[in-house]
Amino acid sequence: MHSPPGLLALWLCAVLCASARAGSDPQPGPGRPACPAPCHCQEDGIMLSADCSELGLSVVPADLDPLTAYLDLSMNNLTELQPGLFHHLRFLEELRLSGNHLSHIPGQAFSGLHSLKILMLQSNQLRGIPAEALWELPSLQSLRLDANLISLVPERSFEGLSSLRHLWLDDNALTEIPVRALNNLPALQAMTLALNHIRHIPDYAFQNLTSLVVLHLHNNRIQHVGTHSFEGLHNLETLDLNYNELQEFPLAIRTLGRLQELGFHNNNIKAIPEKAFMGSPLLQTIHFYDNPIQFVGRSAFQYLSKLHTLSLNGATDIQEFPDLKGTTSLEILTLTRAGIRLLPPGVCQQLPRLRILELSHNQIEELPSLHRCQKLEEIGLRHNRIKEIGADTFSQLGSLQALDLSWNAIRAIHPEAFSTLRSLVKLDLTDNQLTTLPLAGLGGLMHLKLKGNLALSQAFSKDSFPKLRILEVPYAYQCCAYGICASFFKTSGQWQAEDFHPEEEEAPKRPLGLLAGQAENHYDLDLDELQMGTEDSKPHPSVQCSPVPGPFKPCEHLFESWGIRLAVWAIVLLSVLCNGLVLLTVFASGPSPLSPVKLVVGAMAGANALSGISCGLLASVDALTYGQFAEYGARWESGLGCQATGFLAVLGSEASVLLLTLAAVQCSISVTCVRAYGKAPSPGSVRAGALGCLALAGLAAALPLASVGEYGASPLCLPYAPPEGRPAALGFAVALVMMNSLCFLVVAGAYIKLYCDLPRGDFEAVWDCAMVRHVAWLIFADGLLYCPVAFLSFASMLGLFPVTPEAVKSVLLVVLPLPACLNPLLYLLFNPHFRDDLRRLWPSPRSPGPLAYAAAGELEKSSCDSTQALVAFSDVDLILEASEAGQPPGLETYGFPSVTLISRHQPGATRLEGNHFVESDGTKFGNPQPPMKGELLLKAEGATLAGCGSSVGGALWPSGSLFASHL
């Protein structure tokens, strides 16, 4: 055995030789091993650091320098270590073998590493402690065995590691505390047994760990802690029992006299007993949130003079504020998601150093005066039931920087409530019931949130908030004062892109000191927002205001262009005048009964007139607010005028579509019924259907008034809201579009069936060619105009592809109401019924008499191809009697086609020739009386009928008779 002087001489010789080699040529020579080829080496004086990590090595390099002090072999493919592999590395102090595939380490693997202090073996596949290998490491101070598969720690696992200070055994498969193995570590200062499967902590489990300062036991399955479990931990300062299954408060902590930080959150503890922390007067931080706390002893948190952080969240059954008498050093208090209803008046006297008060998600209805809490910097009171803010509630809080009062029921704020808050930089009043906001004391605000206060239409100027950087308001019009409209409307993404500054992004973001403990407090205050208050006051060119104005939230004009403005006015004038004229001629033209189709067309004119009136209201608002719409936009959207406009628009458009569907279906069914049963449906069923259509349209228009859909989503007061609208509003708009699309499909199917039932040459089914053709024109025109509405609505609301808001707005303003003026124009210009009805209203001196109009009215009910009509026998008698009496005045100017009358319901059909009825086989009857019950086919020939345009030659009556040239 060498003597100590001999060893010293040997060591000095080695050092001198190494120094000589280091001072000579740095190129490797025959006397000096080179750095292994795949590794990266760095010299530190005479010592060497070798980094061989992440190289895919399967074996340890053999040519390592004996003076290597640091060796990193982590993240490779090592599967085994040969005995004596590191015996020549006598100066090695840190060895990293983490992230390999080691499942077993032989006994002599670390022999010769007498200077090793740090050994990292985490993230391997070890199933046991390599005890024999560790015995060769007398100087080891830090051992990492976490993230392995270790399930058992034998008693002698750490024998000989008398210098070990840090031990990581977390993320393994341990089911119990290795009590006997830990008794051999008297110098241990920090240990983690987290992320295992431990269920119980026995008594005296750590009795020999008198130097232990930090103990982590979180994320286990611990259900019970013995009364003396922590006996012997005289120097323990941090205890982490979070995320376990504790059922009762661990009274064993009373033996921890030096404990400063305690974590019990996310357990099943239901009660905190009286004097729970009596034995730990040095406690500074307690995290106790997310436990089903039902009881808190009145003295539980009293006289903890060092306590500065208390987090007690999720205790839903706690209704009283805890008594914090003697806890005068408390700086951060978090009591969220509890049932607290009232704050004691003397809370600030007990907590004079309080800086952060977080009481969100409680049931607080009234706030006391907090003027004695002079050091308060943040107050969180969101999701409570506060209704009013008094003058002295926050008075004299000169250090207050952030105040969160969102999601309450605040209706009134005293004008002087914020007047003394000179340091306030963030104020959140989202989703309250404010009508006005007092501005006194808010000049230093940099972030103001007012969203959700729908009754707050107050305009804010730049002078009110000279330092403001972020503003969130209920209406986009309130952003117009901050120059948002300077370069027309922009989307939110564009504004965010313009407000982005690379230098600000690259700047280091350090949390404020007052927020240092918030990661565990669940107090979700935005660090970036509060950082604005401490940054140097450099000028900022613009304010980031939301929601951003756009085509649906204009700043100056409701209608952006004169083209749209003139088009809307034209639609208004044409729809009101033309539909009024149609209504007048249809319903006031005389006592003659209306045909079913004509009744439906008249009802459609009334619906279209409502659409025109709604467009007129929008045009009037545009004219009255010309150039300054932002001042009135919020009040218009939330007012009764917008509701009435939207109601009329939806009622008119939906009634028009439904009535058009009814007209098409009625035409198709009538043809089928005439062919099958010889008669058309009764007019009463058509009237009932029309009333049903109007009732359904009224119901659809009333749904947004009951919060199903939304009229005030935009100043257009239409349910077709922009994509950023509420889901309920978008769903209602999609439902309307789908219903209308279904109606047009039904209409198309009905008319296809009608034409399929009328093959060429079959002329006995259609009784009113003009009205049937008019309905066909309505189907074509309205369907064609509705296609872009449906297409853009689906594309915009469902985000199928980008659609500019300007295009959507133009379609809603011009294309959507266009049928309201086009439908009556088609009737006025192309339907012969209008000219006849107009003559009845204003007869001219040369116009035919009423009898001639009656006959003409019957004759006009003819088909476009054969001009046949169904006429009752009583009507034919009137015509025949008139022919015998003489010609009415002016009748010579009115042309009638020649006709043949054929019985529809007699077995042997007859026809009229001269003054006799002749059977179909040619037999004549003298002065016969036609049957009173039944109908005749009136066949017109030799004339061009209004509305049909077809002519057939050959008159059958003598020309000398009164109607010989006409009937």
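Backbone N, Cα and C define each Cβ position, glycine as well.
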Message = Under Swiss-Prot's annotation, the disulfide partner of Cys717 is which of Cys615, Cys642, Cys769, Cys787?
response = Cys642
Same side of the membrane, Ser595 and Leu838, by Swiss-Prot annotation = yes
Task = Please list, for the repeat 'LRR 10' (303-325), how many residues fall into helix, strand and coil according to DSSP.
result = 0 helix, 3 strand, 20 coil
Query = How do the residues of the repeat 'LRR 4' (163-186) split into helix, strand and coil according to DSSP?
reply = 4 helix, 3 strand, 17 coil
Query = the repeat 'LRR 4' (163-186): which same-chain residues, six or more beyond its ends, come within Cβ distance under 8 Å?
reply = 122, 129, 138-157, 192-202, 204-211, 216
Task = Please spell out the DSSP helix, strand and coil residue counts for the topological domain 'Cytoplasmic' (666-687).
result = 17 helix, 0 strand, 5 coil
Remark   = Long-range Cβ contacts under 8 Å made by the repeat 'LRR 10' (303-325), restricted to residues 6 or more beyond its ends, are 260, 265, 277, 280-296, 331-344, 347, 350-351, 353, 363, 517, 520-522
Ask   = What is the pLDDT of the domain 'LRRNT' (26-66) when averaged and given as a whole number?
value = 81
